[in-house]
Each structure stands twice: as C-alpha cells, then as structure tokens.
C-alpha cells in the first residue's frame with residue numbers, strides 16, 4: 001500500500017477512534033450505567049456527572065502514565081541497579097561511580113556555563129532586537145529573519161555552524177566563514193575552533209543563542225507592545241531619555257515576561273544534546289549532561305550510570321520548571 | 001511672565017491628513033484655559049503639541065516668549081496629567097512622584113521635601129509607599145496630579161483627567177482641581193475635556209475647537225450668552241439651543257422675526273434696515289422658554305416629557321428629519337403629553353443667526 005494512503009488511514013483511525021471513544025463511552029454512561037430516568041433519575045444524573053470528567057481524562061492519563069510517569073519511575077529503578085550484576089539492587093553505587101568520573105564533572109561545569117551564558121545572551125539579544133525593530137518600517141522583515149532559525153532543527157543548525165567553524169589546511173582557501181575572516185584579518189594560520197578548550201564551549205553556545213534569540217524576541221516584542229503608551233509619554237514629559245525610558249520604564253514593566261523567557265530557555269539549555277552531539281560529541285572538554293547520559297546509556301551500554309545521570313538532569317530541571325509554570329500562570333491571570 | 005502663544009499652528013499627519021490649521025491663541029499667565037469640542041476635533045492633539053509629544057507641522061509655539069517648536073517636552077516647563085493617569089505601575093507613589101526630579105539630578109533632600117509637600121496637599125501622605133495598583137481611581141488621579149506638582153511647572157496640561165472617574169468622584173475631583181488652581185494663581189493650566197460642566201465651572205476662558213480651527217474663545221458666560229455661531233450656541237449648554245427658521249420683519253434696536261412655524265420672536269440683537277426680509281435662525285435655549293397664553297414664539301405638541309425633579313424637559317413633535325424643539329420648564333409638569341403648549345422667551349434671551357453666524361459678530 002502507498003505510504004501516503006497508510007498515513008491517511010492512520011489519521012482516520014486515530015481521529016475516528018477518539019471521537020468514537022468519547023461518544024460511545026459517554027453514551028454508555030448516560031444510557032446504560034446511569035440512565036436519567038426511572039425512580040433514581042436524580043441520583044443517576046449526579047453520579048454520571050461525577051464520573052464523566054474521569055471518563056474523558058482517561059485516555060490522556062493513560063498516555064501520560066505510559067510515556068511519562070512510567071519511564072521516570074523505571075529510570076529511577078534502573079539508576080539503582082547494576083548491569084554487571086544482572087540488574088541487582090546496588091543502592092547509590094551508580095551515583096557514586098558517576099560522581100567519581102571527571103567527565104561527569106566536566107559535563108556539570110559546562111552545563112553551568114551554558115546555563116548562565118545562553119539564557120542571558122538570548123534574552124538580551126531578543127530584547128534588543130524587539131526594542132530596535134519596534135517602530136521601524138522594515139522591522140517585521142528583520143524580525144522574520146531573526147525568527148527563522150527557530151524553524152531549523154538543532155542538528156541542522158549544528159551542521160550549518162560546523163561549516164562556519166570549518167578549517168582547511170593552511171594555504172588553501174578557507175570555506176569556513178570564521179576562518180576566512182580570521183585568516184584575512186590576522187594573517188595567521190586557520191584555527192580548529194571546536195578544539196580550543198573552554199572557547200569551543202562558547203562556539204557551541206552561539207548556535208543555541210542564534211536559535212533562541214528568535215523565540216525571546218517574539219515574546220518580548222509582544223510584551224513591549226503591551227506597555228501602555230501613556231506611561232512612556234509621561235516619562236518623556238518627565239525628562240527621561242530613550243535609554244532611561246528603556247531601562248527604567250519599559251524593562252521593569254515586562255520583568256515577569258523576561259523571567260518567563262529566561263527560564264524557558266534555561267530549560268532548553270539543561271536538555272541541550274543535539275548540538276553537542278552533532279558538533280563535537282563531547283570531545284575537547286565540551287561534554288554536557290544530556291550527551292553524557294547518551295554516551296553512558298547507548299555507547300557504553302551502562303544503564304545504571306546512564307539512568308543516574310538522567311535523574312540528575314531531571315533534578316536540575318524540575319525546580320525551574322515548577323517556577324516557570326507558576327509564573328506563566330500568574331502572567332495569564 | 002509665562003505667556004503661551006500659538007501663531008498659525010497647524011498639524012498634518014503624513015503630509016495629507018490635516019487635523020488642525022491656523023490656530024491662534026494667546027494664553028496669559030495664571031489662566032485656566034479649557035479646550036472643548038466634539039470628539040475628533042483635535043483638542044487632545046493640540047494639547048499634545050503644546051506638551052511636545054506631537055510635532056507641530058506648521059506655525060509657532062512660544063512659551064515665555066521663547067520659540068519651543070523643537071524643544072523637548074521636559075525642557076518646556078510643562079507637566080501633563082494623562083487621561084489614563086499613566087502612573088508607572090512598577091513604582092510606588094513616592095517613586096512615581098520623584099521620578100522627574102531624580103532624572104533632573106535634584107538632591108535627595110529636595111526631592112523628599114517636594115514629594116512630601118505635594119502628598120500633603122493632595123492627602124496622599126499615607127499612600128506614599130503603595131504601588132498604583134493598590135490605589136483607587138481617585139487616588140491614582142491625585143498621584144498623577146502630584147507627579148506634576150512636584151516639578152512645579154509653569155504650565156499644567158490636563159488631558160481629560162476626570163473621564164475615567166465615576167460621577168460622584170468626578171465632581172469631587174473637579175472641585176479639588178479648582179482649589180488647586182486657587183492655591184497656585186500664577187500657574188497656567190490648560191485643560192482638555194468633552195464635559196461641558198467641567199468646562200463651564202473650571203475655565204477662566206474656554207476655547208471651542210471645531211472644523212480644524214478655533215470656533216470661539218471666551219469666558220464661559222460669554223460663550224453661553226453671546227455665542228458667535230450656531231455651532232458654539234448648540235455646543236455650549238445642554239440640551240442644545242433650539243434653532244427655529246424665520247424671516248426678519250422689523251429692524252432696529254430690537255429685531256422682530258416672523259417664524260416659519262407661525263409665531264413671532266423679538267430679539268435684543270440690533271439690525272439695520274437692509275436686513276429686512278433676511279432669512280435667519282432664531283436661537284432660544286430650552287431653559288429660556290416660558291409658557292404663555294398668546295403672542296407665542298413657538299407652539300407645538302408635546303411628544304415626550306422627562307421629569308428631572310427640579311425641571312421638566314418637553315420634547316415637541318417635529319417633522320421627519322428635523323431636530324425636535326426642547327423646552328426646559330422649572331418644576332414638575334405631569335400629563336403634558338399630547339397637549340399643545342405655547343411658549344415665548346424674553347427678548348434678551350433670543351439669539352439670531354444668519355448662515356450659521358451670529359448677527360452680533362457680523
């Protein structure tokens with residue numbers, strides 16, 4: 001059968017199945033289990049209404065349980081067992097082993113670096129672009145261009161930037177933009193940018209900043225537009241210059257939005273994997289937690305330590321996630 | 001001496017849409033000038049041009065004898081109170097009020113003194129450390145006024161400052177503004193409103209804006225008693241002045257007009273012999289009508305009555321497409337619907353207009 005046809009069939013079965021489930025389960029509830037007639041009609045209606053929300057939530061709860069809750073619990077269990085002892089319970093041995101590995105601490109250190117630099121720079125550039133493009137005619141074109149990297153997958157972006165950082169032997173023509181510029185201006189030898197310790201971390205971060213700036217720009221641009229115009233005019237009359245207006249009137253008014261953007265990007269950063277995997281695979285001191293986990297789980301096949309590092313990431317993400325969701329809810333109110 | 005002078009001031013948007021042209025105004029120090037006009041007449045735009053928030057596209061604006069067309073708002077010696085108050089939501093009342101002084105680099109002691117003095121004046125002392133969102137509408141309004149006062153500007157600009165308040169608070173705040181003006185007799189205030197009562201009670205002079213220009217400038221009672229056009233006559237006063245078509249039949253110190261509706265009117269407007277036969281509109285304010293037995297100016301069948309207690313409004317039947325005539329009679333008049341009422345008005349309350357212009361201002 002043609003794959004497109006198969007796809008359509010899948011959609012039809014999926015959507016039809018959902019509709020059928022909701023329709024028939026509701027019908028059974030109202031007509032078979034608790035019919036709204038006979039001597040118990042009132043009681044039956046109340047009972048049906050008590051059950052109905054659970055009936056409708058059931059599929060979502062199953063899906064969440066199967067694909068979210070179960071993996072978390074299973075990962076926790078695996079992190080406490082050992083591969084070499086046939087899955088025997090070993091307590092915190094895997095964690096101890098992980099904490100003893102320099103590669104893990106390298107990943108922790110790099111993750112912290114990412115955590116500070118990427119959200120800060122993305123938010124700052126996003127805010128800058130949002131402000132600068134606010135009132136100009138071609139602002140929307142500029143914003144579209146800056147937003148575009150959002151549509152590129154992390155791996156795709158990594159490939160693009162790998163080309164930018166590309167190095168050819170000295171004397172040959174450089175196809176990497178960075179080396180081309182570097183060689184042309186400094187006259188020195190081309191650099192293997194991704195192998196320069198510490199600096200290569202920042203070269204990797206640039207990729208994520210490039211992608212996330214579009215996101216923060218869109219959100220912050222909307223927030224800036226939401227600032228009452230009259231407060232800005234009042235500030236002008238009060239004698240504030242454009243820079244004072246920006247920092248003393250505009251930024252404080254969108255502070256909570258800035259924090260939501262910041263934490264949302266922080267969450268992306270904590271999970272960063274694709275960029276590092278595709279560009280250096282953690283070599284030259286660029287390891288990050290997610291890639292460390294991947295290496296342990298699928299390259300070394302050590303599910304114990306791999307799961308332990310997964311739990312570590314979850315532990316770091318959770319408080320920020322909770323804070324972020326709370327703040328976003330507050331925004332909506 | 002802080003005089004404000006506008007010479008042939010005009011405003012055009014995008015080189016094509018003209019909203020104001022050839023505005024000439026001479027505002028003396030200490031005056032409270034009110035801009036009124038129908039919505040969209042450009043009264044707020046004119047105020048914003050004086051503030052420096054809108055560019056003046058033509059003409060000259062002088063404050064204190066100095067051309068300020070291109071002077072930034074903060075250096076014009078003005079302060080503005082916005083319709084929505086425009087308080088900085090992230091700053092406390094104290095910070096809101098001291099913001100301008102801080103930007104101007106004033107010493108902290110001086111700032112505190114100015115803020116405390118203004119807060120006392122506006123009874124805001126207890127609220128200085130609150131955020132605007134924790135204040136009521138009236139309090140926010142007072143903070144907005146306080147923010148202007150601390151800067152001690154030469155000219156205060158008010159852009160419909162009371163329109164967001166409820167009716168009772170509006171009256172109270174209106175009186176507060178009047179008292180504020182009394183405490184600062186040498187400060188000029190320019191006040192934009194669409195509310196006639198505010199205009200009539202506050203203004204030392206009213207500027208009526210219409211058709212991109214100034215329709216009439218004068219004291220409230222001048223505009224009420226001697227409007228220069230049908231527009232001003234109908235704009236000032238509520239309900240609007242009745243206009244009844246007629247023809248001049250006797251001229252002199254007083255003028256006699258035969259009305260198309262059958263009655264006759266005598267007006268205190270003087271006319272010349274050459275005006276005999278002139279087509280005019282006779283203007284009578286609803287409150288100037290009196291009932292009479294004979295020699296009526298106007299007779300009509302009452303269509304609707306509105307009893308307001310102190311007065312009763314009578315709306316008369318009118319031909320299709322014509323504004324109904326309205327009379328405002330003191331006291332309560334019940335059961336007048338369907339009756340024919342004869343009305344007259346004293347000669348000194350009868351206005352005459354030809355081609356939209358008052359015969360007094362020919």
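Cβ coordinates are placed from backbone N, Cα and C, and glycine is handled just like the others.
Curation plays no part in TrEMBL annotations; they are all automatic predictions.
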- Quick one: which of A:179-201, A:202-224 does TrEMBL have down as transmembrane segment? A:202-224
- Query: Looking at A:258-279, A:280-301, which one is transmembrane segment according to TrEMBL?
  - Reply: A:258-279
- Item | Segment proximity, the transmembrane segment (A:145-164) to the transmembrane segment (A:258-279), 3 or more C-beta pairs under 8 Å | yes
- Message: If you count every Cβ pair below 8 Å, which range out of A:6-29, A:112-133, A:145-164, A:202-224, A:303-325 shares the most with the transmembrane segment (A:50-70)?
- Response: A:6-29
